[in-house]
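One structure below.
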Amino acid sequence: MSRNFAQLIRCSYCNFNKYIPRENNDPMMTECLQRETETLLQLSQVSCITSVFFGGGTPSLAHPSTIAAVLESVSRRAYLSDKAEVTLEVNPTPVGKSKLEDYCRAGVNRFSIGVQSLQDGDLKILGRDHSPHQALQTVEEARRLCPGRVSVDVMFGRPKQSAESWENELSELLRVCDDHVSLYQLTLERGTQLFKQVLGGEVTMPAEDVTAEMYQCARRTLHQHGFLQYEVSNFARHKAVSHHNTSYWKGRQYIGVGPGAHGRFVPRGEGGVVREARTQTLEPDVWIREVQQRGHGTRRRIQLSHLELLEEVLVMGMRMSKGINHKHWELFSPQLGLHEVFGTSNDIQELLQSGQLILDDRGLRCSWDGLALLDSILPALLVMLERQISQRLQRDHHADGQTKRISNPQ
Amino acid sequence: HFHSVGIAILPELTSLYFDCHSNLPAFLLFAFKDTIDLSKFPVDRIRNFCIIAHIDHGKSTLADRLLEMTGAIATTDKNKQVLDKLQVERERGITVKAQTATLIYSHQGQQYLLNLIDTPGHVDFSYEVSRSISACQGVLLIVDANQGIQAQTVANFYLAFEAQLAIIPVINKIDLKNADPERVETQIEKVFDIPREECIRISAKLGTNVDKVLQAVVDRIPAPMASTDDPFKALVFDSNFDHYRGVVANIAVFGGRVKKGDRIVSAYLGKTYEVNELGLLRPHEHPTQKLFAGQVGYIIAGMKDVKEAQIGDTLYLQEQPVEALPGFKPAKAMVFAGMYPMDQSEYQGLRSAIERLTLNDSSVTVQRDSSMALGAGWRLGFLGLLHMEVFNQRLEQEYNASVIVTAPTVPYKAVLSSPKLIKEHGSEEITIVNPAQFPDRSVVSEYLEPMVLGTILSPDTYTGKIMTLCLNRRGIQKNMVYIDDQRVMMKYLFPLNEIVVDFYDLLKSLSSGYASFDYENAGYQAADLIKMNILLNGQPVEELITIVHRGRAYSTGKAMCERLKDSIPRQMFEVAVQASIGSKVIARETIKAYRKNVLAKCYGGDITRKMKLLKKQAEGKKKMRRIGNVEVPKDAFINVLKRKDK
């Protein structure tokens with residue numbers, strides 16, 4: 001929360017992601033963000049950018065001129081349409097609110113607001129420095145500036161929260177929110193203050209059954225208000241889906257810019273043909289030095305194998321309520337269709353029979369009930385995928401050997 | 001607390017009398033200067049004795065003092081339990097393996113050879129005690145001046161009493177603030193019928209009156225009945241295996257003499273060996289030229305396998321055959337437990353560790369076993385619970401092997417009624433060690449279960465609670481006496497199965513640690529035994545089959561279902577965990593289906609972490625054991641099968 005913020009930019013094939021430290025007005029940081037953006041765009045050989053996402057932590061601390069400068073760099077190296085989605089994550093504080101207009105002028109056309117809760121006490125427990133009132137005001141201002149393009153983040157499963165209070169809170173939120181809602185369940189992370197408090201018994205977390213009820217209740221309520229669930233934790237009405245995030249789930253390329261940013265793209269600029277998982281250096285100071293020295297701060301590059309790529313496509317794709325359609329899968333796996341990979345296993349047959357999973361003419365997806373259990377379904381799918389791919393490899397290898405023998409009469 | 005399995009012992013050590021055992025035994029540094037001419041010690045100047053005591057009453061400390069005072073080891077404050085060589089012995093304050101030390105003591109101008117044969121501190125090891133006792137003519141019975149007579153004091157007393165040994169009661173720790181030697185003398189008079197005047201009050205820690213103990217050994221213990229004029233005849237009462245020299249046998253010479261180069265015969269095997277080396281144990285090996293009648297020492301005669309040095313065997317000279325001594329009954333395994341490597345890749349390592357350990361402890365029976373859940377392993381038989389505990393600890397400490405140990409079971413018997421089965425097994429009565437092999441009621445005329453006679457000593461304030469506990473464990477009271485105005489001694493007949501798991505821990509906790517418990521085997525009794533199955537969604541789980549007494553089926557079944565419920569993760573459907581007898585379900589727990597299991601929030605930066613987590617789950621899924629449609633992790637079996645952590 002306090003360290004950096006991530007900034008993500010995305011095009012028809014790619015998007016990227018930046019971290020900026022607190023002293024983000026530092027012209028040096030802005031310069032480095034611009035430089036890395038340009039270096040990586042060139043490396044990716046991408047020509048068109050369809051979305052940019054400034055996110056991670058508190059990007060609204062960044063000066064609007066930094067945002068403008070980065071967008072300028074993007075335009076310099078690739079085509080950035082006027083219609084491209086440019087999202088900024090905003091903390092609903094008065095400072096954040098006052099700058100919204102300037103961000104719009106800098107090129108932002110969508111806001112994602114971390115409301116988290118409308119309960120004052122809960123915001124304090126979560127360590128937030130805004131009040132419910134400020135949150136509502138920020139949402140209002142954002143809607144005025146970008147009508148129909150404002151998302152609110154809310155969190156459930158908070159300490160001492162009951163299913164009933166959650167339902168009330170959600171109704172209140174629905175009265176003020178725009179056309180996009182992201183739901184998160186609070187997860188306890190080791191090493192946090194909250195983790196210690198829960199461990200020490202000072203704070204109790206709602207039981208598994210209660211959070212399950214909260215999730216189902218939210219899905220029902222949002223549905224009743226015309227919001228369609230298009231992903232595990234994302235809901236939109238009037239087709240106001242996040243294009244940027246949708247491309248993650250569809251397995252498209254993206255470029256990550258800034259300290260600690262992640263990316264997935266093929267470095268065609270240096271003759272690459274395989275998609276790489278790339279991570280930028282986390283520590284801002286070191287990252288700055290690296291960018292100054294060699295134009296980018298890429299710390300880790302891992303080439304994704306065919307199987308690993310398919311695993312990501314599967315895991316991310318299944319998060320969407322529409323799942324993975326045959327065409328989408330074929331793009332990544334032209335030789336093995338969804339039916340061939342998943343149609344034969346007993347494990348998966350059980351999931352199909354119990355109605356949690358659907359495999360039909362459209363493709364592979366979870367049912368309404370199944371989506372809530374996705375993490376129990378995915379291991380079975382992954383086991384099957386690995387088995388089929390490795391069998392395929394062996395067969396090909398075998399066939400290869402035979403062909404050689406035949407083609408060599410000696 | 002000698003009976004304790006694990007923690008019950010260790011808390012006692014905090015208040016212990018001797019505390020640090022970290023230094024090298026001093027005797028290793030202190031070499032013998034003179035060669036001893038053993039012919040100077042005729043039979044009437046030899047005494048063979050052992051020390052018996054309840055745990056922590058100070059047996060090993062007294063042994064240290066005796067060794068120091070007779071010059072066997074240097075006098076230093078570093079001598080702590082010199083005879084307890086094993087790490088587990090020092091940590092637990094118990095003796096597992098009997099050791100022997102020969103002391104040279106001057107008394108009224110005469111030199112005496114005193115053979116101290118150290119004994120294990122627990123009835124599990126009573127086979128060791130009786131071996132030691134068979135080489136002795138007297139015992140020092142030590143009682144703590146503060147704690148008084150404890151359950152094991154009683155058990156040990158009877159072993160010595162039945163062997164008709166001279167018994168010297170020694171009241172130790174008189175330096176303690178709460179010492180009440182008077183009361184202990186009253187107890188000794190009442191329980192053992194030994195006049196209080198015969199008690200010697202000492203502080204082994206400070207050395208107070210330890211000289212009186214040495215005098216009493218000479219004065220009150222008879223010399224061994226043996227003559228150097230008889231043909232050579234010796235009893236093998238213990239043996240060790242040395243990788244370089246082969247078998248080292250501890251012997252008590254009952255007649256004649258033996259020297260290096262003699263050709264001797266094992267009465268048991270009829271095999272002949274040549275004596276390569278012999279001598280005294282002081283307590284380390286001290287070679288001598290000869291050993292004479294009445295003396296105790298060691299002998300190395302080219303035996304390659306511990307099985308050649310059968311405990312209880314008689315040795316004689318090739319040219320002078322003698323009638324064999326009575327020998328010992330072989331020790332019988334009474335508690336069985338499965339042992340499996342934590343990971344199957346550790347199988348070979350664990351196997352060799354078990355082999356090495358059983359080389360010096362022939363009382364452990366080893367049978368190969370395999371479980372669908374835990375893989376290949378062994379079913380080991382032990383003399384008792386502590387024996388098992390000690391074995392595990394040695395495996396872990398000395399061989400660095402980590403093992404899964406299943407809950408202990410006892411050997412049941414079945415009397416077969418079907419002539420066909422009798423023919424198949426070659427006998428009417430069969431012993432069942434593995435529950436999966438439990439024969440059906442229809443082919444059996446009766447089942448038998450092993451019984452033990454338990455002795456409980458406790459302050460009388462806890463009598464009510466203890467009686468309730470014993471009743472719940474199907475105990476039948478045989479006897480109850482006050483040993484002084486506050487302490488009561490109770491005897492109960494228990495099915496062994498009822499005390500193997502947590503009886504001792506419960507006894508300890510309900511008596512605030514004051515009650516002590518010991519038991520001896522008491523044969524087999526007919527019992528209403530049944531086979532209980534554990535079912536997951538209707539499918540029986542073979543590795544969880546349990547034999548139970550009909551009256552205990554419900555509580556055992558319920559406990560197992562509860563443990564399983566806690567260790568099987570939720571699935572996408574409801575799972576019924578049931579205990580059944582035949583087709584009748586007697587207990588049930590339900591694992592509710594997952595209602596939600598999906599991680600909210602997953603965007604670009606989170607993919608790598610999320611993938612790692614899911615891949616790990618996918619890997620885990622491959623390792624799960626499937627019972628019907630239920631996936632059961634190995635941990636769940638371990639949690640249900642292993643002994644409870646204490």
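Cβ atoms are placed via backbone N, Cα and C, with glycine included.
Database features, via TrEMBL:
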- B:44-225: domain 'Tr-type G' (DOMAIN)
- B:53-60, B:118-122, B:172-175: GTP binding site (BINDING)
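Other Cβ atoms within 10 Å of the Cβ of B:ALA53 (GTP binding site), summed over all protein chains shown, number 26. In the three-state DSSP assignment, the secondary structure recorded for B:ASP56 (GTP binding site) is coil.
Sequence-distant contacts (6 or more apart, same chain, Cβ under 8 Å) of B:ILE174 (GTP binding site) comprise B:ALA145, B:PRO181, B:ARG201, B:ILE202, B:SER203, B:THR208. DSSP assigns B:ILE174 (GTP binding site) to coil in the three-state reduction, placing it in neither a helix nor a strand.
For the domain 'Tr-type G' (B:44-225), the model's pLDDT averages out at 82.
Its own atom aside, the Cβ of B:ASP56 (GTP binding site) has 25 Cβ atoms within 10 angstroms in the protein chains shown.
Every protein chain shown contributes to the tally, and the Cβ of B:LYS59 (GTP binding site) ends up with 29 other Cβ atoms within 10 Å.
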